[in-house]
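To keep things clear, I will list the structure first and then write my remarks on it.
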Amino acid sequence: MGELEQKLVWHGRTKRKAWMVWGGWFAITLLTIYCWMEMTEDTIWFFVLDAPVQAADLIDRMFPPEWSYIHLLYKALWDTLNIATLGTLLGVILAFPVAFLAARNTTPSVVFVRPIALLIIASSRSINSLIWALLLVTILGPGILAGVIAIGLRSIGFVAKLLYESIEEVNGTSVEAIESTGASRFQTINYAIIPQILPAFLGITIFRWDINIRESTILGLVGAGGIGLFLSSSLNVLAWPQVTLIILVILATVVVSEFLSAKVRELLI
Amino acid sequence: MLKIEHLKKRYKTGPWVLKDISFEVPDGEIVGLIGPSGAGKSSLIRCVNRLIDPTDGNIQLDDVNLSSLSAGKIREQRRHIGMIFQEYALVERLSVMENVLSGRLGYLPFWRSFLRRYPEQDIDNAFEYLERVGLIDHANKRADELSGGQRQRVGIARALAQDPRLLLVDEPTASLDPKTSRQIMRLIQSICREKSLSAIINIHDVPLAMQFVDRIIGLQGGEIVFDGKPEALTEDVLTRIYGDEDWTSVKPDEDDLENGEAA
């Protein structure tokens, strides 16, 4: 065995890379300082200094919650749950075919149909459900129906996107095997693809339902029904103890729905 | 009889994976297709049932020219060609029975298959095939509850359910232990004999191939370099197919054949 002529030294980064990393951090620091200055340009510092006093005052007025108000909220809460559930159902029904049109391995045409399906997904996802509700209240008038459709339209993109990704990940040889028996396109989807995506599909649906419960609590702000309607009217008359109660009710609902959704998805996986 | 004439295949602008392949498989003959990885074995059998489209050449099963059929027409012909896969390719979340019955899909309209309303005859046959492959007690289990060897038997039963005239078998034993491999090969062989089915079997395990097939075709670089009886597969031939190697330990000796156990 010959001795090594010189000890080999290993550097995690080359000199050039080290300088680039240092320069990068320096640039981020400068950017942070600049942004902070821009942000605080219009701040009236007197109000900021006053904030703790104001906050204490508001909290003082908000407590205790007006518990007697709760009997009016049951119906609104029920509406909210219905908006979320029916909206999810509508969204899922519409998303199902869209997902198959968007997935590379099931779309009838990668050139024509797939881009349209992707556009549907993108437009549904890019518009917040509050905006959908605002538009629909204008068209349909205020009420639960506008809320249901707003939630439904908003859900299409989310459900279709996650679903088409799981369609693209199915085991290809099972699909090949079903095709090789002489099965038609729809039979192949029915026998080879749907059984494979079913757990993901149910998981996505429950997950979206849980998100929709949260989203539907605020739809009332623009007149689309549910508990948000009460929140908005209480805010308008500065009835702070009622606002507190409503927020607590929303919090409880969301916690319960998240718990349910987590449990169900645990069972599926 | 399956007749392949001047079959050529290339993927997009890649190299030719099959260069001018011609051979015939008479009814009832079991052909073992051997060759190194990438020799084109998989492409060859997938051209036959048109899971991939051949670039050039003719493939004729009985009196139908498979290579020129449209996408709609090929479906009808696929019913007559059973395929068995390396990783079993079952739909794991469906029951064993549903997997076997899926071999009938080509014969059924969509709504019947969707509602699982199979003709009585199909169901009776499916039970018979499950009996034949020794899985009659597992009919209602989900496919992912079975062991590898059992899953491959379901794959065989599914191919049988098609009532095929030809079996295409892609590496049936590559994921199985030596004993199960032999049992599976023996099962495929005896089924072919019973129904005088012809079969093309892609296989890596040369001794196993020599034991269970009637004829061996050696593929190398997309060309046929050997076509003959298993006994004619000498060390020279193996070198021609796979390249230089010490082949003495690969040839099955008498012990192997008697014990039914390979190392």
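Cβ coordinates come from backbone N, Cα and C, glycine included.
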Checklist entry - To which of the residue ranges A:106-123, A:196-213 does TrEMBL assign the term transmembrane segment? => result A:106-123
Checklist outcome for this item: Same-chain residues at least 6 beyond the ends of the transmembrane segment (A:80-100) with CB under 8 Å of its CB atoms are 106-107, 117, 120-121, 144, 147-161, 163-164, 167, 189, 205, 208-209, 212-213, 215-217, 219-220, 224-228, 253
Next on the checklist: Within the same chain, where does the transmembrane segment (A:216-233) have neighbours whose Cβ lies under 8 angstroms from its own Cβ atoms, ignoring anything closer than 6 residues to its ends? I mean 6 or more beyond.
Outcome noted: 72-73, 76-77, 79-81, 83-84, 87, 129-130, 133-134, 136-137, 142-144, 146-147, 150-151, 242-243, 246-247, 249-250, 253-254
